[in-house]
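What follows is one structure encoded as structure tokens, with my remarks underneath.
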Amino acid sequence: MAQFCLTEYPMVANANATHKGWDGKYPAPDGAKVIFTCEFGFADGKKEHQATCSSSDDFWCTSFNVDVTCPKPVYPDCRKTEKGKEYMGRINKTETGKDCLRWDSKPYGKPNYFETNMLYEEHFLNEDPRSHENYCRNPALKEKPWCFVSDTDIQWEFCNIPFCEDRVPLECKLTQKGGEYMGKKNRTILGLPCIAWLKAPLTFQYRKWIQRKPAFSDDVNTEHNYCRNPGGRPGGPWCYNEGTSNQTPDWHYCDVPFCSLPKPESKRNAGNEAIYPNCRKTEKGKEYMGIINISETGKRCMRWDAFLNIETYPDIMVNHLPLTVDSKVLTFEYLFINSDPYQQFDYCRNTGSGERPWCFVSKEPSIEWEYCDIPFCDDLVPLECKLTIKGGEYVGKKNVTQSGKSCLPWLSRIPEDNRLDNFLFHLSDPIDSTHNFCRNPPAFIETPWCWTSSPGEDILFEECGIPFCYELLLESLSSNEGRHEYPQCRLTQLGTEYMGTVNRTMTGKECLPWNNVPYTPLPVYYTREWFPDYVVSQYIIPHKNYCRNPGLKEKPWCFVADPEIQWEYCDIPLCDDSTPAECKFSECGWEYAGSKNVTNLGVTCEQWSNVRGRQQDNYLYPGLPENKMETTHNFCRGKCSSRQLSPEQCVTVRHPVETQTLVFPD
């Protein structure tokens with residue numbers, strides 16, 4: 001019997017075939033193998049298949065079915081042009097198999113074949129060599145994509161980047177800045193025609209583009225007027241256009257949406273449910289508000305406010321800004337959700353333009369940071385509520401104001417309000433020309449909002465009325481079969497901790513909203529305090545018209561429409577279990593009545609009675625849930641106010657309960 005295969009081995013279209021144990025000439029010896037590889041993976045998800053000669057039957061045994069395919073690459077894993085400036089794939093080996101070096105390492109400085117009038121960083125799409133890692137690119141407009149290599153004699157080599165079967169440019173962007181976009185749109189988001197890049201008056205060009213052609217994603221000639229982003233603007237592709245009023249050239253963003261990309265898979269931990277805010281709902285995780293404070297390598301994170309006075313921001317905080325913008329145009333506070341580094345303590349956050357949440361791990365002798373391992377949530381659908389007063393973390397899809405007006409795209413009002421251009425990266429999610437969802441960048445006002453006026457009109461905006469997550473929770477809770485369970489009951493006689501939704505008095509009168517009290521002057525319940533301080537949270541809008549106990553009456557009450565009596569008590573039952581929960585519902589925990597008495601820095605809390613007589617006494621309020629001021633009371637209590645006590649008193653915005661647990665609706 002013949003000890004070889006005369007029959008040709010089966011082929012897999014588009015796959016690379018290499019021979020093992022023979023030279024590829026027939027007849028093939030017994031056991032000869034053919035190894036098939038598919039650069040971007042076979043359709044069955046495998047990277048490699050093989051065929052083995054079985055000489056007993058002159059037959060090839062295969063690891064694949066006859067219908068297996070090696071799909072042709074599609075953009076961004078292929079190039080659409082000869083030079084491939086637009087290539088954004090992940091190939092990182094040269095034609096001869098050498099490993100590519102990271103672009104941001106600048107292994108050979110700025111080579112002389114780079115433009116002398118351009119910074120090294122300007123040669124890269126989005127002005128960010130860090131984001132291109134060590135993937136093949138074409139920053140210097142060579143014949144095709146290439147990369148630096150460790151061989152100092154040659155320094156660089158070309159890469160073998162396949163052409164896309166479909167060479168038509170995409171009419172969408174892959175990245176936030178969209179520097180790779182090379183479509184044919186040539187009108188602004190307002191519908192105004194674009195001026196050719198090289199024909200715009202030089203006095204108006206903030207960079208002379210004729211000297212900066214490598215900054216574009218394609219070849220630029222005198223007629224090229226397509227939307228591009230050569231200057232790394234935060235919002236994406238843009239162009240110059242004729243002015244609408246005095247014919248002075250202007251610029252606007254273009255209508256270039258994101259391409260449809262696969263959503264990230266939820267990274268589930270066996271036995272644990274990842275529930276927001278202790279997980280992230282987006283790739284970058286700017287909305288993450290959990291309490292993980294350990295880096296990926298196990299280092300303890302440092303407090304954000306310890307870096308308030310650093311002279312130079314690390315790149316991860318300011319890479320979103322164009323190179324022409326001084327990073328110090330943004331104060332340290334403005335780089336954070338809600339413009340508040342104090343409330344973030346030492347928790348992992350994505351401050352600035354990181355790929356995911358991170359934190360500082362060292363300040364001396366040098367500033368160092370590391371990424372954090374924050375899992376994706378099991379449910380990636382964003383909550384239609386906010387956790388904090390300003391709601392900077394909100395990533396919901398509401399795009400209508402509280403009065404019913406439709407929201408306009410954020411990019412449509414730039415450059416009319418140029419302040420926002422530098423703040424676009426501080427939105428809690430990526431932005432494109434279609435993004436018109438309610439947001440608060442970066443905490444311009446006290447709650448999420450959006451534009452409501454049309455371009456050319458006076459700039460108008462309106463709040464969106466995004467509810468607190470705990471409000472939705474309260475509305476969903478009710479006593480179970482006659483049982484009185486918190487928060488729909490009171491834990492103490494005074495009931496200052498009560499945060500239920502009863503809004504009628506003992507006699508059935510409807511309660512009036514706390515933020516629109518009809519009676520003046522207000523009753524004097526406590527000296528040196530103004531009315532919102534009587535409402536325990538000091539942010540009275542969330543209390544709506546629910547029964548509460550500001551002013552320390554005997555139990556919860558509310559204002560009523562009868563001017564003769566002005567207010568009445570409410571019938572709020574005592575809870576069956578009066579043990580306070582060791583968690584909080586609201587942002588600052590005004591309702592917390594637990595027994596924790598150590599700050600998140602490990603400092604033992606001072607007794608409340610010792611605070612009396614100090615200057616800070618002016619800042620105290622009568623809202624301690626149990627109205628205890630005796631010497632034994634040193635428990636942490638919440639206070640929603642910008643006015644702060646010293647850290648040891650445990651009632652400061654900067655030092656709330658360390659083991660706080662936010663509770664949200666399913």
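Cβ from N, Cα, C; glycine included.
In TrEMBL, annotation is done automatically, which means it is predicted and not curated.
If you look up TrEMBL, you'll see Cys136-Cys159, Cys547-Cys570 marked as disulfide bond. Look at TrEMBL and you will find 83-164, 177-259, 284-377, 390-469, 495-575 tagged as domain 'Kringle'.
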Whether the domain 'Kringle' (390-469) meets the domain 'Kringle' (177-259): three or more C-beta pairs under 8 angstroms: yes
Cβ neighbour count (within 10 Å, all chains shown) around Cys547 (disulfide bond): 25
Rounded inter-Cα distance in Å - Cys159 (disulfide bond), Cys570 (disulfide bond): 76
Listed in sequence order, residues with CB under 8 A of Cys136 (disulfide bond) and six or more positions away: Tyr87, Gly89, Ile91, Asn92, Thr94, Cys100, Pro145, Trp146, Cys147, Cys159, Ile161
C-beta crowding around Cys570 (disulfide bond), within 10 angstroms: 25
Tally of DSSP helical, extended and coil residues in the domain 'Kringle' (177-259): 9 helix, 15 strand, 59 coil
Residues in the domain 'Kringle' (284-377) grouped by DSSP into helix, strand and remaining coil: 21 helix, 13 strand, 60 coil
